[in-house]
Amino acid sequence: MADKQISLPAKLINGGIAGLIGVTCVFPIDLAKTRLQNQQNGMRLYTSMSDCLIKTIRSEGYFGMYRGAAVNLTLVTPEKAIKLAANDFFRHHLSKDGKLTLFKEMLAGCGAGTCQVIVTTPMEMLKIQLQDAGRIAAQRKLMPETVAAGTVEKSPTAMQLTRQLLNEKGIAGLYKGLSATLLRDVPFSIIYFPLFANLNQLGKRGAEGPAPFYVSFLAGCAAGSTAAVAVNPVDVIKTRLQSLTRGSTEDTYTGVGDCIR
């Protein structure tokens, strides 16, 4: 398979670079996603993704769309390194004569998704607090009755949040929402890796040659879009479980089942 022609260190470097570029390009959309997912009980500041981005730029400036990006830029490389290395490791040990059944490809993706949450959960935990701070600030200004009394007005930095969570709850504070993160990332990887590998295989020029760039690009888009749509409901649950600050009229949750209900 073409996977074996690329060394693991090269894969990790490529994955890290791709992750950094990806975060930079799509972070404003991710910020809008977090704020839209956290709206509930009729207290809606934003009607759509574009409305959220426009209002964010007006109230927080252009770089307001990148609130929390530093956390992702710092941790995305180890996250992708773990994910790719784990997938490569499981594919290698599950393969027989260099071939994998679809079930074993899905099993390798499951292992990769399980391993990546070591980094993903604290990264998402910190990122969500920073991204959603602008929504809470806007609520305080436009709908003060919906913001709980005593809510801190100035949004903390990632380091302040980390120290606060470690002091109050220990390492478990950074891993709040772990079960929901597993429920999102494991199915995502189960769908993404086999689908990408098989779509990419269809575009190969020969038995051993690599697929053209545009084929890999389109395969990645198709696999990523399919997996993202499939796990989006769990992503909403994860976002709400990991949000520490919310309006006075917004629900609180005791766990995944409670949040689903």
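The backbone N, Cα and C atoms fix where each Cβ goes, glycine too.
TrEMBL entries are annotated by machine, without manual review.
As recorded in TrEMBL, the features of this protein are as follows:
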REPEAT    6-93  repeat 'Solcar'
REPEAT    100-202  repeat 'Solcar'
REPEAT    211-261  repeat 'Solcar'
TRANSMEM  12-29  transmembrane segment
DSSP residue counts for the repeat 'Solcar' (100-202), split into helix, strand and coil
85 helix, 1 strand, 17 coil
Local confidence of the repeat 'Solcar' (6-93) - pLDDT mean
88
Reduced to three DSSP states, the repeat 'Solcar' (211-261) has 35 helix, 1 strand, 15 coil
Per DSSP, what is the residue tally for the repeat 'Solcar' (6-93) in helix, strand and coil?
73 helix, 0 strand, 15 coil
